[in-house]
Amino acid sequence: MAPGETEREAGPAKSALQKVRRATLVINLARGWQQWANENSTRQAQEPAGWLPGATQDLPHTPKEPGPRQHAPKPPSPKPDGDREGRGSEEATEVSHIKRKEVTRTVVSKAYERGGDVNYLSHRYEHDGGVSEAVQPDNDIDRILLSHDSPTRRRKCTNLVSELTKGWKVMEQEEPKWKSDSIDTEDSGYGGDMEERPEQDVAQVAAARIKRPLHSQANRYSETLNCKAHRKYSQVDNLKGRWQQWADEHIQSQKLNPFSDEFDYDLAMSTRLHKGDEGYGRPKEGSKTAERAKRAEEHIYREIMELCFVIRTMARHRRDGKIQVTFGELFDRYVRISDKVVGILMRARKHGLVHFEGEMLWQGKDDHVVITLLE
């Protein structure tokens, strides 16, 4: 038989063999999935209907070690029907190729952790009350008590401290208007006739002088000051005042805005700046326009410094120490960095950093113009 005829006959046989192998692999995979589904459904059916804390806990299953990799079996040879039925029962008991692994839960939510902290504290207070403080390990208790996990508690404490501080400052600044009802000023012994009184009167006056005001009056006065400070430094009043201030500023700005319906021509003309006034020709301080102008000035100044650095690195030095370069050479070098060569040169000359002849520079026409770096 010729070699060509052998190859032609082997081609269809090889393709048929590959088809049979693929079909067998798909059948085995489907059988494995079906077996896994049956086992999973059986295990779920055996589990309890509801969850009880600590009542039903499955024992940890040891993961099965995967066996050696099994290759796809060769296409079976035709056998009688009885053999097929026996083989089907044996294949049903084969171990599935799907790997399973038990996953244990290791992450506990924050709510459970806080509940555990509370239980731990109550247990320590109930059972370890008689133990001395030196023996108790206070690290865990201090960590729980001194922790600032709650932002609400932290915010309330901060507000309370600030209000109390402001109230006491106001109370220190204001002079007390109440008097001690223990003794009047006229009868306190202060005056010129102090020396003429007998020693008994002096002793009585000294004893009366060290008396303190009644607690009821002092408490009433401190409560009054605290109420005044609370009303004066209340958060609601502060928020209301800020909103009112913003509303007044907005109304005033709308009166000066020519594009607003509330524009007041007379007010705008009376408040406008004239030439020579401070702030004339500049944006209003604190506005967005002023911020953009500041950023633009910083950007232009940075580009001017870069231009001076390029001139300093590529130019030749004169005898007097100054650096010179022609406009054509600078244009060919700096145009790769920025296309604003002429504008930056004009700006640098305005600031006194460079000098060149003429009001404007043109490429090709003014390539011979000498640019001198002054600083």
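Placement of Cβ uses the backbone N, Cα and C atoms for every residue, glycine included.
Here is what Swiss-Prot records for this protein:
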REGION    37-101  region 'Disordered'
COMPBIAS  80-101  compositional bias 'Basic and acidic residues'
MOD_RES   Ser150  phosphoserine
REGION    175-197  region 'Disordered'
MOD_RES   Ser182  phosphoserine
REGION    193-293  region 'Actin-binding 1'
REGION    234-279  region 'Interaction with actin'
REGION    294-375  region 'Actin-binding 2'
REGION    346-375  region 'Interaction with actin'
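Within the region 'Actin-binding 2' (294-375), the DSSP-based counts of helix, strand and coil residues read 39 helix, 12 strand, 31 coil.
For the region 'Interaction with actin' (234-279), DSSP puts the residue distribution at 29 helix, 0 strand, 17 coil.
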